[in-house]
Amino acid sequence: MANILKTIIENDKGEIRRLEKMADKVFKYEDQMAALTDDQLKAKTVEFKERYQNGESLDSLLYEAFAVVREGAKRVLGLFPYKVQVMGGIVLHHGDVPEMRTGEGKTLTATMPVYLNALSGKGVHVVTVNEYLSERDATEMGELYSWLGLSVGINLATKSPMEKKEAYECDITYSTNSEIGFDYLRDNMVVRAENMVQRPLNYALVDEVDSILIDEARTPLIVSGANAVETSQLYHMADHYVKSLNKDDYIIDVQSKTIGLSDSGIDRAESYFKLENLYDIENVALTHFIDNALRANYIMLLDIDYVVSEEQEILIVDQFTGRTMEGRRYSDGLHQAIEAKEGVPIQDETKTSASITYQNLFRMYKKLSGMTGTGKTEEEEFREIYNIRVIPIPTNRPVQRIDHSDLLYASIESKFKAVVEDVKARYQKGQPVLVGTVAVETSDYISKKLVAAGVPHEVLNAKNHYREAQIIMNAGQRGAVTIATNMAGRGTDIKLGEGVRELGGLCVIGTERHESRRIDNQLRGRSGRQGDPGESQFYLSLEDDLMKRFGSERLKGIFERLNMSEEAIESRMLTRQVEAAQKRVEGNNHDTRKQVLQYDDVMREQREIIYAQRYDVITADRDLAPEIQAMIKRTIERVVDGHARAKQDEKLEAILNFAKYNLLPEDSITMEDLSGLSDKAIKEELFQRALKVYDSQVSKLRDEEAVKEFQKVLILRVVDNKWTDHIDALDQLRNAVGLRGYAQNNPVVEYQAEGFRMFNDMIGSIEFDVTRLMMKAQIHEQERPQAERHISTTATRNIAAHQASMPEDLDLNQIGRNELCPCGSGKKFKNCHGKRQ
């Protein structure tokens, strides 16, 4: 039933008839545009932009805009888009994929939808697989866009943030897929809005769309955090400090299994790490290491919560079964803190600060389309994951290429012997040959064989894109022999040299079948472009990977019975069997990518929430007091609710400790202040007192701008720190739930549930840290420049505390320990001249 519906809904012939009618409407403007002067034609761009701003849709501008581009291309490039190219352009504008054969002019096809969508002023990204193609297409097609009055930018990895920003501000931006991804991630790590380089993702037109959205779909783009050596040192430093504490230096809340430093513990930390104030914004990272070291040393118990294996690894003990949980690690840096405690090697020190897969990157665009010569085989995946249809576009001229049936040999050796003989025979008559391989090693092997056979040739291994294009451009010349890995040279046409058509055109030889039919079709498509003659022939052996996986044993018996060790089997049935095997592999790969997406969707939803809130903070030109005060309120509520079932004395003591060490000035609240109050009244009492402390803290900042700056940096530093740990934790969770699949549990469902719980825990942790830092930070006039320093260098830089000079006539006994030192150093008195008392 599903297949019948699919046939009805996606009737390609009906779609092509509709596109032909739309293309005819574009052609009706041909004479009108041809009659315009250059200046009149260029002025159309301004006219279209104004019409769009006045409410006309891009769809209604399509016919005239496409006609303008056709005429412009004729005048500037000497190229006049065919009807099939106009049809392809319409498909691209509608956010789908036109399947256009190699040599049908995909680059020119793209100019029409790119121009049309650039009129909105929201930006168009033309995405390519390498920087050579970005620069080539931007240079060649940029000439047309610039002539028509649109700005064109090229985004390269080597460009500075300012240059990247300029490139993204252009109407049309050429870039590789990876650079767009990394720029997106980096934009969501900056502290200032002006340091972001991208605009909101609007329209992407992806060249070689199958390569980027299918083959590389699972590739994660990763921005790593602090380096391993630095973080490893911090774990050890924090552990050493925590081990030096006395029982009075920390407070344990047994019920919630939490631990924090007492006043004396804070004093010792500030002395040990030579800090002015442990809870300054600068020290977010260090407090995180100390918190974990406290938990590792005084809450997590050896042989109860974890064991140390013979391989010197920390293994978590399942509290219900008593068994160790292979592959599972504590999140949030706790596992590393335990490793430091037990003196075993610290693992996973390099953290992922941000990551995204291409699947989720490109699904963020408002509109996504792409071009390929071979997309129909992956149509189901394009539709399911990206909501994109694949529409085959007819060729401008009929395909003349002859595709021979596969030749199957018993061994790899006999196969390659036949390949070399075939190449040599064609070389001797002058017919150009392109030999496609699946691996660099195969290319080198065939190259040696051809050298021995006296056949001059070029080898292309996709190592140098600039050299690659030159070799591919010459591959259609008389007598040219080129060996290339399958992906090499995509995006560059092979044009036939003089006299080659009479010899049968370019012959493409495949040395084995790829597990994807699409890659084989791409290789075939190198020959027979734009109605040129050509041939394709695949050579297979029973020892090829694909044949080994599917049914080579039965065929092996046939070869042995017929004694055909050097001869080949050729039949259409064999070709069909190979394609059936490829379909099975493609199905497996599709299922794998789909499962990866299910996992990644959990991260995507969480990332979008964090990045949206982060963007709101960065771009806010307002006082963020309501947001911070709401965090303080929720933190108080969590703490009080977390002790609701405890005995009254224990509950009040725990809440009091929380208030004293995280919320209010030391000794400003006592047990008597809270006793006799209901939980609701306790929450309100603490919140009202906290608001006074908040007002006192911000009043120390010199002006409204300094307050905004302080609020932003405070929130962003905490969020970034916690988010980095959370990404790490999700990675570890994913590895762990994979093992649960063996216990009849659905790992994806478990990952979703556990990931959701961890996300909520992270939000609570963010709000707790923001509360603690806001209330306990020592704020002084130097706060603003301090806040702009980068957090990752904090703990290692705050080593030497210098002493400033003190007025001679001052009575030091009159100064409180936690007041600012009168010497003007900005430190607390106890950490400065008070040390001498």
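For all residues, glycine too, the Cβ spot is worked out from N, Cα and C.
Quick caveat, the model's predicted, so the values are computed rather than measured.
The ATP binding site feature in Swiss-Prot is assigned to Gln85, Gly103, Glu104, Gly105, Lys106, Thr107, Asp493; the stated evidence is sequence analysis. DSSP assigns Gly103 (ATP binding site) to coil in the three-state reduction, placing it in neither a helix nor a strand. The Cβ of Gly103 (ATP binding site) has Asp493, Gly525, Arg529, Gln530, Asp532 as same-chain neighbours under 8 Å, each 6 or more residues away in sequence.
Feature annotation from Swiss-Prot assigns Zn(2+) binding site to Cys821, Cys823, Cys832, His833.
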Among the binding-site residues Glu104, Asp493, the one whose Cβ has the most other Cβ atoms within 10 Å is Glu104
Report, as a single number, how many Cβ atoms besides its own are within 10 Å of the Cβ of Gln85 (ATP binding site). 28
Rounding to the nearest whole angstrom, report the longest C-alpha distance spanning Gln85, Gly103, Glu104, Gly105, Lys106, Thr107, Asp493, listed for ATP. 16
Set of same-chain residues at least 6 away whose C-beta sits under 8 angstroms from Thr107 (ATP binding site): Asp137, Glu140, Met141, Asp207
ATP site, defined by Gln85, Gly103, Glu104, Gly105, Lys106, Thr107, Asp493: further same-chain residues with Cβ within 8 Å of the Cβ centre: Met100, Thr102, Leu108, Thr109
Local Cβ density at Gly105 (ATP binding site) - other Cβ atoms counted within 10 Å: 19
